[in-house]
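Q: From Swiss-Prot, here are the annotated features:
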- ASP484: active site, proton acceptor (ACT_SITE)
- VAL362, ASP363, GLU364, GLY365, THR366, PHE367, GLY368, VAL369, VAL370, LYS385: ATP binding site (BINDING)
- 1-20: compositional bias 'Basic and acidic residues' (COMPBIAS)
- 38-48: compositional bias 'Basic and acidic residues' (COMPBIAS)
- 78-129: compositional bias 'Basic and acidic residues' (COMPBIAS)
- 130-140: compositional bias 'Basic residues' (COMPBIAS)
- 141-163: compositional bias 'Basic and acidic residues' (COMPBIAS)
- 164-174: compositional bias 'Basic residues' (COMPBIAS)
- 191-215: compositional bias 'Basic and acidic residues' (COMPBIAS)
- 264-274: compositional bias 'Basic and acidic residues' (COMPBIAS)
- 275-285: compositional bias 'Acidic residues' (COMPBIAS)
- 678-689: compositional bias 'Basic and acidic residues' (COMPBIAS)
- 356-647: domain 'Protein kinase' (DOMAIN)
- 1-215: region 'Disordered' (REGION)
- 231-315: region 'Disordered' (REGION)
- 657-689: region 'Disordered' (REGION)
Amino acid sequence: MSDHLGSSHDEGELSDESHKKSQRASSSDEPNPAKSNKGLESKMRESILSRLSKRKNSESDDDTTEQRFSIQPKNAQKAKEDRYRDKERDKKREKDKRDDRRDVRGPDARQKDRDFKGRQERSGRDQKVHEHRHHHHHRKHETDGHRTNRSNRDRSSERDSEKHKRHIDRHKKSSTTSPDNDKSPHKKSKHTDVPADAKLFDRILDPNYKKKDDDVLVIEDVEMSPIEILEEKEEKEIVEFTIDSPAGPKKYSKFESDPESDHDDTKPKSPGKAEDDDDVIEVLDDALHSDDDADSDEDKYLKTPEDREWEEMTETEQRLHKEAMKKRASMKQKTLIAQLPVFYPGLMGCRNIDEYECVNRVDEGTFGVVYRGKDKRTDEIVALKRLKMEKEKEGFPITALREINMLLKAGNHPNIVNVKEILLGSNMDKIYMAMEFVEHDMKSLLDTMSRRNKRFSIGEQKTLLQQLLSGIEHMHKLWILHRDLKTSNLLMSHKGILKIADFGLAREYGDPLKKFTSIVVTLWYRSPELLLGTRLYSTPVDMWSVGCIMAEFILLKPLFPGRGELEQIKKIFMEMGTPTESIWPGVTELDGWKALTFEKYPYNQLRKRFLAGRLLNDTGFKLLNGLLTLDPKNRFSATQALDHEWFTEEPYPVPPEEFPTFPAKSEQNKAPPPAKQKQQENRISHVDPETAKLLKQFEVRPEQVKPGGFSLKFDPTRF
């Protein structure tokens, strides 16, 4: 068919009959065509007729392309384009379906899918063994179709999103290439991707097809670009302006010399209208003048006015001056504080003991030696307790840790000594604990009063016992047992404040009770249940010690001074009476009671000792007897003792500030004996002027001069 048509093309023009014959000849060569081939033939026939009509018009006159297309049959070209577009759309759909089945994606998407499957395989290792085997067996026997379905199911959500994105892109391309929307001369996409059959007829009928084909390819390259080609627009000129006033950058500069100040003249400013420049400059000038006025007003209050100026001021000016004076004082204080070196315990650790000056040694206890020290920075007097570390070869002593922990927990009370900080010496064996310094310990004070035959008054006894019970109540509410209450662990300041110290044996207790060791508390203040070997105890052991301390406040000596545990329990039973099951239920079950046999002493002989000597009245003796009850369950608690009527009857407790002061042994400030004092006074009075002048040159006081045992005497007559 192509040869025949080609020969007719050389003859000049084809007739309708020759065209029909050629069509019949071509149709006769083909075997029985289907219905779809008839449709294709009709389309081809229409296209050939349209091209023949174009050929005739082009030979008849030299009209333009628009004029030649105007004589076409009605809607013929549009129908042709619609058919081409429908076919192309069907082909694209089939191609997309094939791509979805074959998983045609980019390398990044395939790598993500492989990573996702790898994560699934790694997570599968944590499953049970039988589930893994079952899954492996299932995959071993599955068919290729099952594998395909499973791979499709295992695709990640990213593939679905990519598929959706491709669908949207295809929709956008189809919408942008429609002839109704694209009327621009640059967008002739309706002639792109023409089917092969149509290109065949173009090649036959048009001798200039090759040139047109090249043009079409160029158009395709332009139209396939996703970026819309816009017409070039002329760029608008940017208006620049600068502010000539020096107020701009310097007003808001944070530093005296701005690093960018050298480039302010050349740096472009924000675009704006020229008529707005004057407004900007006026605003900046107003701000500068307002600030200058404010500074000048503040300068008036920088100095304290004199008396004459103060009297001439109004009330408002005086008030402003007072506020300025307060502000200057606070700023001065802040400046002084800022000059001090900052100490961060969490970053810098503990301070060194060299920052304290050791004044003198105070006492030595079970767990350390106590010194009186002075802070070199603040001149504050503190108590420095050096912890004993001789036997600690494997770290910090547990007793010291307990003491620090208990003091930090219970130290927020006026009747409990407060720890300030932990200090380190030259090595780790020298660890100190800085606590508030209290001048007296009650043991030394009671001994001094006993030697001088002096006693506390009843009001003073009530004050001391009330403060002791207040501190004990605070500890017991925090579930803390002191377990070593005695007069040497009670401190008293010059202001009459009693404080509880030495928490080396303190422990926390709970409910139900824990088993503790029974070898606690100094022997003279140890409760009978501890002496009999019980290990389940709580606050009553401290209250027994409080009863012994109350009796010592009155007697100025210990109540039960035993020399051993057997003698101690015997002394207790002699004064309080031998207990029975009716007096103390459960006493016969204690280990000490089972191991020993005790004599039967009459019940409670303390009445004769305190009442007969008129040391206590009946109310006070009831309180003492309640604190020294043998049965720990019936013994008074700290709250019950504080609520006792003995503290509310006359004589009332003496206020702490009215307590008498005593010379503190810890301060070592005893006055010299009278004989030595007179001798020093005589020595100072008999100093001759020349010796006094010499001592002044050497900055030596006369009382510091000690007479020597040997001196040379010269006879003035010989010289």
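Note: Cβ is positioned from N, Cα and C throughout, glycine not excepted.
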Q: Express the distance between the Cα positions of ASP484 (active site, proton acceptor) and VAL362 (ATP binding site) as a whole number of Å.
A: 20
Q: Which ones in the same chain are close to VAL370 (ATP binding site), with CB under 8 Å and 6+ residues apart in sequence?
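A: The list for VAL370 (ATP binding site) reads ARG361, VAL362, ASP363, GLU364, ALA383, LEU384, LYS385, ARG386, given in order along the sequence.
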Q: Would you say which of the recorded positions GLU364, ASP484 has the most Cβ atoms within 10 Å of its own Cβ?
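A: When each Cβ's neighbours within 10 Å are tallied, ASP484 leads.
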Q: Can you tell me how many other Cβ atoms are located within 10 Å of the Cβ belonging to GLY368 (ATP binding site)?
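A: Other Cβ atoms within 10 Å of GLY368 (ATP binding site): 23.
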Q: Using DSSP, what's the helix, strand and coil tally for the compositional bias 'Basic and acidic residues' (38-48)?
A: 11 helix, 0 strand, 0 coil
Q: Average pLDDT across the domain 'Protein kinase' (356-647)?
A: 89
Q: Across all chains shown, how many C-beta atoms besides its own are within 10 angstroms of the C-beta of VAL362 (ATP binding site)?
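A: The Cβ of VAL362 (ATP binding site) has 22 Cβ neighbours within 10 Å.
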